[in-house]
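For reference, the structure is listed below as structure tokens.
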Amino acid sequence: MPQTHEMSLNGTQYLKYELKDLESRAHDAKTPSTNEFYDDVESHGTEELVEAKLSFLNRIAAGLSAETKGIEPITEDEKTDDSILNAASMWFSANMVLPAYAIGALGPMVFDLNFGQSVFVIIFFNLLGLVSVAFFSVFGAELGLRQMILSRYLVGNIAARIFSFINFIACIGWGIVNTVASSQVLNMVNPGHQCPLWAGCIVIIGATVIVTFFGYGVIHAYEKWAWVPNFAVFLVIIARLARSKKFVLGEWTSGPTTAGNVLSFGSTVYGFAAGWTTYAADYTVYMPRKTNKYKIFFSLVVGLATPLYFTMILGAAVAMAAIGDPAWKTYYDENSIGGLTFAVLVPNSVHGFGQFCCVLLSLSTIANNVPNMYTIALSVQATWEPLAKVPRVIWTLLGNAAALGIAIPACYYFSTFMNYFMDSIGYYLAIYIAIACSEHFIYRRSFSAYNVDDWDSWERLPIGIAGTAALIVGAFGVALGMCQTYWVGEISRLIGDYGGDIGFELGLSWAFIVYNIARPFELKYFGR
């Protein structure tokens, strides 16, 4: 096992690099980061004042050992995170959480699949989704580019900015959905003296702020151990489930309706596993270029697959038990997965200790929120150059504040709408993967084809005409293939009695076809 790199980005060495980076921005007018932060200072007095204030904020952040680096490429001198364990544990903790457990329960509860069918879907579609996360994590170490900056090479400059905006919406949306779910679990604990929903939101977001403010180093240090209490709670759930003797395998079914349900559940599982794709490189950019790429890839595969399989299969097992028990089913119908977990752990079970376990499980969402609220800042900066002038720490704080401001009313008025909205926005991942993989494997073929110095050059980066066309056409494919409560596409409704969700499949395939038709023309007439 590689030696663990203990918080190398948070001590004296990290602070030295941060201060050095800030000084170079202030004095070297030839660097890309200087152009970003100090453009037209001499001719614009107001801008000079704003830039000075932003520089001051960055210095405060650096003084607190917080990461001040934004979307600028990470230099080789700054690549000090040589721990493969850091890369793997990042996603291990982020997926050993309540939301992944909740996804698994959907197989029996929503899609009428038995335990065996649910497990098959969980194994197959998770594997399809997580491979892209592991693959693009390799790019972070090799090129030192954030995922949305890397996207300028992979999908084109214009399309990358569209994806950056969508990614920003996804980050804040999933942060809201996760926070609402956790606050609802906290609200069930200690009947008669419950934690108010708004207070639960403050607890979850507040803890997320503390971790994400300090950036890469503290995030990896937190995620390295955040899985431990969550895993312990899941073991307690397994023990209580076994003692209840309520688990059943269920009956095997077949036919078009079952096929449609398998596809729909598979779409949900795939979306959760692949959801980290547009974040991937952000969490390996400080790894040295010499790091073995196969070790990164396969450690990420294990770090992703293990918690996803474990939590989702457990969720499916608990759901199967609830199907045969009216009391547990009522808890689920009224309070979703949080209610079902409460039913397993508290009434006629371990009582006070069970409530304590519910609290721990609700706090597990912090580990899932942290990547959202860190990447949100980088996505905003990558959308438009003026936004990159605002320090990362400010965007992180603003993103968390926005999530809190929306999550509190969502708890009371529109939590269902938020879930529907996020189910819809997740389809962009398949389109992104189709375009990005096409560009790398068909047109670039090796890392040597990426000139990192071009990261902010409109003249040298791919324009993004092909990428934008593929995104638009892929979106039409998604609309025809998606199967949600509020929308069933014309093609998806042909599968079974309730439709089958093939939005990811159509979006990916249509985007792939259009991109590879348009990209050769873009290269021929524009040369990039």
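Placed from the backbone N, Cα and C atoms, the Cβ positions cover glycine too.
Database features (Swiss-Prot):
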type     : residues : note
MOD_RES  : Ser43    : phosphoserine
MOD_RES  : Thr46    : phosphothreonine
TOPO_DOM : 1-90     : topological domain 'Cytoplasmic'
TOPO_DOM : 112-118  : topological domain 'Extracellular'
TOPO_DOM : 140-161  : topological domain 'Cytoplasmic'
TOPO_DOM : 183-198  : topological domain 'Extracellular'
TOPO_DOM : 243-260  : topological domain 'Extracellular'
TOPO_DOM : 282-295  : topological domain 'Cytoplasmic'
TOPO_DOM : 317-340  : topological domain 'Extracellular'
TOPO_DOM : 362-393  : topological domain 'Cytoplasmic'
TOPO_DOM : 438-460  : topological domain 'Cytoplasmic'
TOPO_DOM : 482-493  : topological domain 'Extracellular'
TOPO_DOM : 515-528  : topological domain 'Cytoplasmic'
TRANSMEM : 91-111   : transmembrane segment
TRANSMEM : 119-139  : transmembrane segment
TRANSMEM : 162-182  : transmembrane segment
TRANSMEM : 199-219  : transmembrane segment
TRANSMEM : 222-242  : transmembrane segment
TRANSMEM : 261-281  : transmembrane segment
TRANSMEM : 296-316  : transmembrane segment
TRANSMEM : 341-361  : transmembrane segment
TRANSMEM : 394-414  : transmembrane segment
TRANSMEM : 417-437  : transmembrane segment
TRANSMEM : 461-481  : transmembrane segment
TRANSMEM : 494-514  : transmembrane segment
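When pLDDT values are averaged over the topological domain 'Cytoplasmic' (140-161), the model yields 97.
At the 8 Å Cβ threshold, with sequence separation of at least 6, the transmembrane segment (162-182) lacks contact with the transmembrane segment (119-139), having fewer than 3 such pairs. Long-range neighbours of the topological domain 'Extracellular' (317-340) within the same chain, counting only residues 6 or more positions beyond its ends whose Cβ lies under 8 Å from a Cβ of the stretch, are 98, 101-102, 104-109, 114-115, 118, 181, 184-185, 188, 237, 241, 244, 246-250, 347, 358, 362. Just going by CB pairs under 8 A, the stretch in 199-219, 296-316, 341-361, 494-514 that sits most against the transmembrane segment (394-414) is 199-219. The transmembrane segment (91-111) shares more Cβ pairs under 8 Å with 296-316 than with any other stretch in the list 199-219, 261-281, 296-316, 417-437.
Contact counts against the transmembrane segment (417-437), taken as Cβ pairs under 8 Å, peak for 261-281 among the stretches 119-139, 199-219, 261-281, 296-316, 341-361. The DSSP breakdown of the topological domain 'Extracellular' (112-118) into helical (H, G, I), extended (E, B) and coil residues amounts to 4 helix, 0 strand, 3 coil.
Here the transmembrane segment (494-514) does not touch the transmembrane segment (119-139). Their Cβ atoms form fewer than 3 pairs under 8 Å, with each pair 6 or more residues apart. Contact between the transmembrane segment (261-281) and the transmembrane segment (119-139) is supported by 3 or more Cβ pairs under 8 Å, counting only residues 6 or more apart in sequence. Residues 260, 263-264, 267, 420, 423-424, 427, 499-503, 506 of the same chain, all 6+ positions outside the topological domain 'Extracellular' (482-493), place their C-beta atoms under 8 angstroms from a C-beta of that stretch.
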